[in-house]
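**Student:** My questions all concern the structure below.
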Amino acid sequence: MATRDHPAAVDADAVVIGAGPAGLWAAFELGLQTLAVHVVDSLPHAGGQCAELYPDKPIYDIPGVPVCTGQELAHHLLQQLQPLQVPLHLGQTVAELHADRTGQGEGWRLHTAQGMTLRCRALVIAAGVGAFVPRPLAVPGLEAWQDQQVFYTDPPPDVWLDRHVVVVGPGEAAVRLALHTAAHGAARVTLLHRTDRFTIDPALDDELQAAIGAARVHLCLGQPVAVLSDPDGRLLALEVATARDERLSLPVDVLLPRLGLHPRLGPIAEWGLAMERKHLVVEPSTLQTSTPGIYAVGDVAHYPGKRKLILCGFHEATLAAWAIAERLRPGQRIPLEYTTTSPRLRALLGADAP
Ligand SMILES: Cc1cc2nc3c(=O)[nH]c(=O)nc-3n(C[C@H](O)[C@H](O)[C@H](O)COP(=O)(O)OP(=O)(O)OC[C@H]3O[C@@H](n4cnc5c(N)ncnc54)[C@H](O)[C@@H]3O)c2cc1C
């Protein structure tokens, strides 16, 4: 069901932006309406905030599930979606939205920053607090080397082969990357962090200490404050302020900041949809935004009495899917069916498969 290959263009009845709990549930409900639905998310995995911000923390207020972690909830939602074969386009950030009057009547054309195009007749924005993007390393002028010597996503191995790599960050992503580059051909790997305490589990900490002990990874404690470059404009070193307020020069060929991700609503705020304090204003019985055919559900949606809870997102996603089915099938009655008893829904879900 979750495809990682990204076709150049797809046509769908509905596209859902965001594979958080609200987006995954919208895809499920749209699938039950036998609408062709595609889901797009900027993260490399589904689950939104639950998977990204609190994968191991327990959630106690999903009705019928006394307790599950953020990651378990994402897993269960994907499992539930599985029979409906909804394509998930992960690692794709929707950057542009255009009205599309070609094809089957009025619709929408979306472009992702990674080069994918999707056309649809209805759009569900389930973007939560926004697309998760890497937190930048705040050193003046550093952006000049982005994607040349400074990489916020993992570059191919030949970039670091035989090079002096500096990984910056406090957590698992930074530590794993330091260990990985050290084990795969970097000339020297330095892990740069303010303190010698990392927010990692004990097993990974043991691995890190062993690598430091064997001089496979070098630890540098301090805060980068400036860059040093050569006359050809090549990044040569970071100037690092230590805890004792000394300055040291740390040579660098390849800089890999891994400071975590932060959400940005980004282009969605520029699509001309009515907004209230960075949220999309919707009509609560259909979840339609100020533009007909565009719906918003979950944390990104705003209406009087809105509560940012997962179960509210599920309810909104359900109402939006019904409203979309009615919009795309004008004049047709959309009957209420129970998954327990409806032969049509049971067949869709593979419930009677041997
Ligand atoms: C620490 C913590 C604990 C919480 N605990 C609970 C709890 O116990 N119970 C509860 O009900 N709620 C809890 N919440 C809130 C809950 O996680 C949110 O209400 C829920 O995740 C909202 O779901 P969503 O699908 O609307 O958005 P999100 O989960 O934010 O998912 C949105 C997705 O959209 C993607 N996206 C955004 N913009 C784009 C774009 N342009 N292109 C592609 N993809 C995009 C993002 O990458 C993201 O994956 C908690 C939140 C936090 C931070």
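Just so it is clear, glycine is given a Cβ too, placed from its N, Cα and C backbone atoms.
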**Student:** For the FAD site that TrEMBL describes with ASP41, GLN49, TYR54, PHE132, ASP299, THR340, which of these is also annotated: VAL94, VAL166, VAL167, VAL168?
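**Tutor:** Of VAL94, VAL166, VAL167, VAL168, VAL94 joins ASP41, GLN49, TYR54, PHE132, ASP299, THR340 in the FAD site that TrEMBL records.
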**Student:** Per residue, counting other C-beta atoms within 10 angstroms of the C-beta, which of the binding-site residues TYR54, PHE132 reaches the highest number?
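**Tutor:** Highest number of other Cβ atoms within 10 Å: PHE132.
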**Student:** Sort ASP299 (FAD binding site) into helix, strand or coil using the DSSP assignment.
**Tutor:** helix
**Student:** Indicate whether PHE132 (FAD binding site) is helix, strand or coil by DSSP.
**Tutor:** strand
**Student:** Which residue among the binding-site residues GLN49, THR340 has the fewest other Cβ atoms within 10 Å of its Cβ, if you could check?
**Tutor:** THR340
**Student:** Give the helix, strand or coil assignment DSSP yields for THR340 (FAD binding site).
**Tutor:** coil
